[in-house]
Amino acid sequence: TQHFIIQETWNRYPKHIFFIVGNEFCERFSYYGMRSVLLLYLRDYLHWDDDTSTSVYHAFTVLAYLFPLLGAIVADSYWGKYKTIIYLSIVYVFGHIVKTIGSIPYVPIFNQRMFLHSSVLSMFGLFFIAVGTGGIKPCVSSFGGDQFKPGQSYIRKQFFSLFYFAINAGSLISTFVTPIFRADVDCYPNETAPEFDQCFALAFGVPGALMVVALILFIAGTRWYTIYPPEGSIITKFCMCIYTACRNRWNTPKQERNKEHWLEYADSPPKLIRDTKYVLRVLVLYIPLPFFWALFDQQGSRWTLQAIQTNGYLGSLLIKPDQVEVLNPLLIVTLIPLFEATLYPFLRYFNIPFPPLRRMTVGLILAGCSFIAAAILQIEIDNLDLNPNTVNVAWMIPQFLIITVGEVFLSVTGLEFSYTQAPPSMKSVLTSIWLFTVSLGNIIVLIIAEAKGIEKQSDEFFLFAGLIFVAALLFIFLAYRW
């Protein structure tokens with residue numbers, strides 16, 4: 001009977017969703033592969049200093065997590081999800097092409113102004129990549145969900161599990177492989193100048209090729225897709241509800257303000273006003289989240305720079321500085337099922353409460369602890385500056401482990417909590433604003449990196465730890481009032 005049920009489920013499974021899963025794997029390989037070597041490209045090839053390289057890295061991330069808002073509005077109001085994915089994937093591919101051309105040392109137009117042209121092309125390429133990856137981010141998973149019929153909720157849930165696996169698999173493989181293309185492939189055997197020492201063109205070109213494959217895979221399934229026309233953006237309606245409520249309340253004389261809630265002044269249907277109230281109640285809890293992402297996204301910037309100062313050998317295996325990031329997706333795919341199978345059942349068995357808001361609080365605190373660990377390691381590295389690369393890269397594992405556990409508690413739990421608390425019509429709004437908190441977090445890094453008032457890297461790590469501990473206290477206060 002069980003075999004029959006499994007076979008029947010498989011027969012009813014929309015086979016064309018594998019085009020979408022394949023597209024997501026290739027796109028995530030493309031994005032994370034390019035981003036894994038980006039900091040070293042800015043530092044070693046364009047010869048920008050550590051602070052400038054860090055700022056550009058995080059400015060790119062700001063844009064990549066800002067454009068999902070625009071992508072969601074365009075998809076829901078104008079193009080629809082299918083056309084949005086196609087059009088912005090083309091922009092994405094164009095960005096990769098420009099970025100790759102900018103990393104080729106001997107393109108004839110460069111001459112003596114090579115690095116100026118490389119910088120300009122690289123910035124344009126990164127902008128188009130940010131538009132592409134950000135714009136399609138809110139569309140692909142929901143487009144995949146559209147391929148299932150109302151009675152297929154079980155296999156739809158399987159699809160999202162498979163989709164999430166594709167994201168992590170693409171991230172894991174590309175973060176490990178792309179630095180090998182950069183460092184171990186000799187693309188210019190007859191050249192001796194420093195700019196030819198690393199093959200950034202191949203390291204950017206392979207992710208670009210994967211994005212081309214992603215686009216082709218998505219187009220290949222077109223004839224089988226269920227494509228819904230745009231029905232209007234709930235994000236736009238949400239914003240207009242807030243705007244008209246503020247405007248109308250402001251224009252109403254004080255003696256006539258007799259409504260119980262300020263949102264009731266909006267020029268919107270009662271259901272939309274009610275749903276907006278629920279969302280705003282959840283969004284209050286989002287206020288401390290940018291500080292978590294400010295720390296989390298430094299795995300690819302400050303922590304990569306820290307890895308450069310370590311001894312990368314684990315026995316006979318050499319771990320490259322831009323490969324240390326692979327620890328995060330590797331730990332994620334290990335810890336999530338491990339916690340579901342052991343930690344959470346253990347806590348339930350002994351009746352130890354560990355509700356979502358408490359998990360998120362622990363996640364914030366763990367992020368701060370990871371930066372304390374990074375600061376202690378940096379102090380040790382600085383104390384051995386007369387013998388550089390003495391500290392082994394393995395000493396970075398604790399900070400990666402701590403922040404990844406924090407990610408599991410905060411990110412996975414936070415999205416799940418948000419979805420259960422908000423109305424179904426507002427899920428896309430919450431997803432977009434959740435991604436927007438990532439953008440805000442990277443702006444925090446930009447501000448601190450460019451402030452240039454902190455001489456020691458260890459002091460900066462301590463500063464970020466202090467900021468997130470304050471954010472955790474704020475979250476505890478907000479959660480208590482919840």
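The backbone N, Cα and C atoms fix where each Cβ goes, glycine too.
TrEMBL annotations:
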TRANSMEM  56-78  transmembrane segment
TRANSMEM  85-107  transmembrane segment
TRANSMEM  119-140  transmembrane segment
TRANSMEM  161-181  transmembrane segment
TRANSMEM  201-220  transmembrane segment
TRANSMEM  278-296  transmembrane segment
TRANSMEM  330-350  transmembrane segment
TRANSMEM  362-381  transmembrane segment
TRANSMEM  393-417  transmembrane segment
TRANSMEM  429-449  transmembrane segment
TRANSMEM  461-480  transmembrane segment
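Counting Cβ pairs closer than 8 Å and at least 6 residues apart in sequence, the transmembrane segment (161-181) and the transmembrane segment (330-350) reach three or more and so form a contact. The recorded stretches the transmembrane segment (119-140) and the transmembrane segment (56-78) share 3+ CB pairs below 8 A when only pairs 6 or more apart in sequence are counted, and are therefore in contact. Outside the transmembrane segment (461-480), and at least 6 residues removed from its termini, the chain residues within Cβ reach (under 8 Å) are 284-285, 287-288, 291-292, 294-295, 298, 302, 357-358, 360-361, 364-365, 367-369, 371-372, 374-375, 378, 444, 448, 454. Long-range neighbours of the transmembrane segment (330-350) within the same chain, counting only residues 6 or more positions beyond its ends whose Cβ lies under 8 Å from a Cβ of the stretch, are 165, 168, 172, 400-401, 404-405, 407-408, 412. Note on the transmembrane segment (362-381): residues 288, 291-292, 295-296, 302-303, 306, 309-310, 390-391, 395-396, 398-400, 402-403, 405-411, 413-414, 456-459, 461-462, 464-466, 468-469, 471-472, 475 of its chain, located 6 or more positions outside it, place their CB under 8 angstroms from a CB of the stretch.
Long-range contacts of the transmembrane segment (56-78) within the same chain, counting only residues at least 6 positions beyond its ends with a Cβ under 8 Å from a Cβ of the stretch, are 31, 35, 38-39, 42, 48, 84, 88, 123, 126-127, 129-131, 133-139, 230-236, 297, 300-301, 428, 431-432, 435-436, 438-439, 442-443, 445-446, 449. For the transmembrane segment (85-107), the partner stretch with the highest count of Cβ pairs under 8 angstroms, out of 201-220, 393-417, 429-449, is 201-220.
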